[in-house]
Structures are given as C-alpha cells and as structure tokens.
2 protein chains.
Amino acid sequence: MLDHSATWDGLPAATQALIVTNTTVGPLYAARLQQALAGRFGQVHVLQLPDGEGYKSWDSLNQVFDALLSHACDRKTMLFALGGGVVGDLTGFAAACYMRGVPFVQVPTTLLAQVDSSVGGKTAINHPLGKNMIGAFYQPLRVVCDLDTLRTLPAREISAGLAEVIKYGPICDLAFLDWIDSNLEALRRLDPAALAYAVRRSCEIKAAVVGQDERETGLRAILNFGHTFGHAIEAGLGYGQWLHGEAVGCGMVLAARLSQRLGLLSAQRVQHLSDLIGRAGLPVRAPRLEPDPVANASRYLDLMRIDKKSEAGQLRFVLVDDAGAPHLQPVPDALVREVIEAGCA
Amino acid sequence: MLDHSATWDGLPAATQALIVTNTTVGPLYAARLQQALAGRFGQVHVLQLPDGEGYKSWDSLNQVFDALLSHACDRKTMLFALGGGVVGDLTGFAAACYMRGVPFVQVPTTLLAQVDSSVGGKTAINHPLGKNMIGAFYQPLRVVCDLDTLRTLPAREISAGLAEVIKYGPICDLAFLDWIDSNLEALRRLDPAALAYAVRRSCEIKAAVVGQDERETGLRAILNFGHTFGHAIEAGLGYGQWLHGEAVGCGMVLAARLSQRLGLLSAQRVQHLSDLIGRAGLPVRAPRLEPDPVANASRYLDLMRIDKKSEAGQLRFVLVDDAGAPHLQPVPDALVREVIEAGCA
C-alpha cells in the first residue's frame, strides 16, 4: 500500500520531500516509499536515524533540521515519518518547528504507532528529565497505515502495540475490551481481519476523543491510562530498556489497582485486565527501581511528579471504573505508595 | 509600569512563574518584575541568559527547559520574556514547546521588541545555517511595553528599533512615514510623547496585518520589507556583528533600490528613504562579504536562498511602490546582483 503511487494522491505539490526513518525500518521500506513519491516531488531525500527511544532527542531533531537546511528545503517541503512512535513524534515535531511549520504525513510501521501515536497530532522529543517534555500539538496531513509493514515487526513490538489497543477498552469501550479478549490470539499471530478491525476501532476511538479536546485541557488525558506509571518505569530504567507499550501495559495494571483501592473498580475487573495484559505478552509486575521499598516508592513518585498531568506538585491519575468510564483525579501519595509496593517484582 | 502589581491584574493563576532575561537587562529590571509578580505566584524564578543574537540558540533554549524541569514546573507555569527580541523570540518558543505549550507574557525592554518582535506571535531560535529557522507561531497572553525601560538603552539600540518603525511607512502608511520624518530627532532623544505615538502606531499596524494573516500565508510577509537582504547581512557577518535593526535598515535601502529597478519606486522616494535611514543612525551601505564582486553577490544570493520566503529555490522579495503599497514577488538573480554590487561599501 505505501509503495503504490495512488496512495499519495491528493497531497499538495512541493519541490522537495524528506522521508525520516530509522536504521531498522529504512532498509525495509524507504526505497519503496521513495519510489512511490518520486513522481510527485522533484527530489525525495531520505534520512535514517538510529533506532530506539534513546534517540528521541535534541540531537536527532537537529539532524532533521540539518538535512532540511543543507538541501535548502523551503516551507512547502513535505516530511514523511516512516517508522514507529519515535520517528513519528520526532518527525512531527521537526515539521512543527521547521520554518515555523511545514506539512507532514505519518506512515506508521509499528502496531503501536498505527493504533495510537500517529493519530491526534501529539509530537515531541524527550528531555533527560522527562519523556515528551518538549513538543507541539501539530496535525499530520494524512496517516497511512499499511498493515503489511507489521509482518516484519518482532513479536515483542506487536505485544507493545497491543497495550495501546487494550487501553481503549477500560477507558470507554468495554465491548471492544471483550472483542480484544476473544481475538487476542488472532491479533498476536497477525490475522489480517482481526488486525484491520483493531487498528480501525482504535483510530476511531482516538479520533473521537481528540476531536473533542485536541489540546488536552480535559478529556484527552484519559488516553494516558497507565501512562503515568508507565513513564516512571521508562524513565527509571532508562529510555529504551522497556518498550513504551510494555511500560504502559504494566502501568495499566498499577492504575487498575489504584482504581480498586479507591473503590472504583472490582477485584475481578482488575484481575481480568491483568490477565489480558499478561496474555498479550506484556509484563504485569513493575520493575524495582531501588532495593529499599520506601526508597523505591519515593523514586517512582519523584519520576511521576514531572508527568505533564501534574499540577502544583499534585499527582493526577487516569482511573477507571466497572462501567468503563474514566476518572481523572488527584490521589494521595500514601495510596500510590501502597500500590507500587504491592505491584513491584 | 512593569514594577506595579496592577499591571499584571487579570493573568490566570499558576503556582510558578519563570522570568527569562539576559545579563544586561536582568540586573536592571528582573528584581522589580519579580517583586511585582510575587503576590500572584507561589514562586517566581529568574533565569539570566548571556546577551546577544549569538545566544538565540539550542543551547539557550535548553537552559530554559532545564530551569523549568529542575523546578518541576507544570503546564500552567507562566513564562515572562524580559528583554529584547532575542529573549522574546526564544522565551516564546520555549513556552510553545514546554509540555507542548505553557502561557507566556512579553515584557519587551528594547524599542525594536516593543514596536515589532513582541507582537504577532512569531517565536524562534537561529540555526547555524539560517536565522529564525526553528520556531513556532505562538501568541503571548499579553505584551507589556514600559517606555521607561528604553531610557537605559544605548543609542545604537534605539537606532536599530527605529529601523522597524520606519519599515511600517513604505509598506502601508506613507502618512506615518511623513510623521517619522518630522519627529525623527524627537524619537532619537526619547521624547515621551513621540515615543508613545511611534510604539502605539507601530503595534496598531502590525496587529492589523497579523490579524489578517497570522501564519504568513501571504500578506504578513510584507512586514519583512528589508529583511531578506538584512538576514543575509546578519548571517554573512556572523550573528551579532550588526544588530538586527541595522541589517534591516540597510536591507530596506537595497530593497528600495530593487523596487526602483523594477519600475515600482521613483529615484526620489529611494533617496528619501535612504536619507531617513541614515538620519536614524543606521548604515545605508551594505557590508562586502567577499572581496571579489561576483563572489560577493553570489554569497549574498546563497545566504538569501535559505530565506523562509523562498520557494523552489526562487528568491522572493518584499518590494514597495510610490503609492505606499507592498509587492511580494520573485526577482531575477541578475537584477539582485546589480543592486548588491551598487549597494555595497
């Protein structure tokens, strides 16, 4: 699909295009995309960045700017993000900033990017002190999901993507959660019909939420279910140790337990979600960041306090209830500490 | 004015604020602003960056992010840009990107920033290969111009600011150009009534233009009269050698001559504008970037080709006519070369 010229009909004209990809995805798909775009742009450049969350950095962003400026790219130049969430977030942010904004297209090649990060216009890079701290809300012109690209994805990456698919269930669609429960094995073996439905339904839900609150002044935050704990895991272990989806999977188990402590969610629902996440091939026990339990919980709290949902130093969590509705609310540190201690490996 | 608490009435509440300033302006005004804001925010931090266009860089931007993150600033934190165009552009861009956008207030302390850069929401940093290449359109909550701060400004900076005041005349208001002509000496000696009128009228014109075209898809580009040549001068000499306003002053003389070559502007109008720019204390002869005339013009053209108004490698200039109307159009390289050769010192 991505290598068919017709896929790209209707894009505005420009003299130049830049495909940003990484050293894993580039060798597989960049030449095909470049060829498909060749008739539409005078020049189609390719920039390959190193692969991994650790490269969602200033340094990589600057490589994109250097490439654009060294080719004298003007402000109609179109960027194509060919890869997973790291490439998409970083390329989108580069597009948002280059000459104060050039058009860009998302071509997600991981399940996680197809069901979540490529949709909705959140772009960012990481800062050593926090994930996605530097970024912009900037919408792609188009998102092209080619399910065939998922065939080359390692099983671990499929599991990581399933975390974000599962996420949509507890926060707003228990029927979808049931469907995932019944189709999890089909999804893991990349059954085309199951994948197509999961990607479509995920994008529908995400688009509906973002359509009501693009800039995350309220509702959009529910899409971060599991992400506050998840970000702390990623930052605490060092970006790239756990995949984002793995951290979110485990984070959802912790967030569900927190919801249970607050009387929102039944023990049965917590168990069901935890089992599903485990069956998806994701970790359900959080990593211990410090040997001492008190120090460990403190480390988690410190890492979570720089979460973007925090206000005035007060942690706020996305919680869920038995009816499949989300709750964004502050939670006392003591409760969070209990959940961390009980949930750590 | 900036040190009166009442000036800041009506701003939204936040736990923290960060004043970004530089080592020249900070010692004069930061403590007064900090005190005026103290009752409104739990904590008001101050970050002093080195002074100068050379510091409108990645590195300075990162210092703002480091300060925000090390104080655990949340996404309601308000930034205050206390200084000239460099501080305003950089702080605005930091506000646009930190956690994908926090509110900010412009407190311009140079004439140039008060009449031009603080209004309209253009924020950016420089890239070694081009000025203002990395940035965002991001509006300040408020712009507070305290004319008293201009009293500590060196005469050279007043002249640089006058370049942007003069600019508004040829592009759309010949009556204002006449007023400047009659009041230039009063402005240079900082006559309060003359200054107040010049700042107000400049902001009115800028707001009217930006109000019609915030993202510079067309009309807004007229505000860049003199800037294409000016940016080449700044980049060619190395940022900070000439002040931005000096380069723009000289750039307007070249742009006026180009307008004359194209039959838009009379020789008399060109001479009048050049005289006025000279009387404002600004250079009217362009610097020679290479000893050889052909190489010199080529260097200018190369530097201008990465101007954001360029499209498909074709230079576009803001030109003006005898009726005080602007024209944004491509110009053949040969004509530009003639104007550069005739205009260089």
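A Cβ is built for glycine as well, from the same backbone N, Cα and C atoms used for every other residue.
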Report task. Pick the one from A:Glu164, A:Glu290, A:Glu311 that TrEMBL also lists for the Zn(2+) site with A:His227, A:His244. Result -> A:Glu164
Query raised in the report: If you measure A:His227 (Zn(2+) binding site) to A:Thr149 (NAD(+) binding site) at Cα, how many Å is it?
Result: 26
Query - Cβ neighbour count within 10 Å of A:Gly54 (NAD(+) binding site) - result: 14
Report task. For A:Glu164 (Zn(2+) binding site), just give me the three-state DSSP call. Result -> helix
Query - Mapped DSSP class for A:His244 (Zn(2+) binding site), helix or strand or coil - result: helix
Report summary line: Taking all protein chains shown into account, the Cβ-based neighbour count within 10 Å for A:His227 (Zn(2+) binding site) is 26
Query raised in the report: Between A:Thr110 (NAD(+) binding site) and A:Glu164 (Zn(2+) binding site), how far is it from one CA atom to the other, in Å?
Result: 12
Report task. Based on Cα distances to A:His244 (Zn(2+) binding site), point out the closest of the binding-site residues A:Gly85, A:Gly88, A:Thr149. Result -> A:Gly85
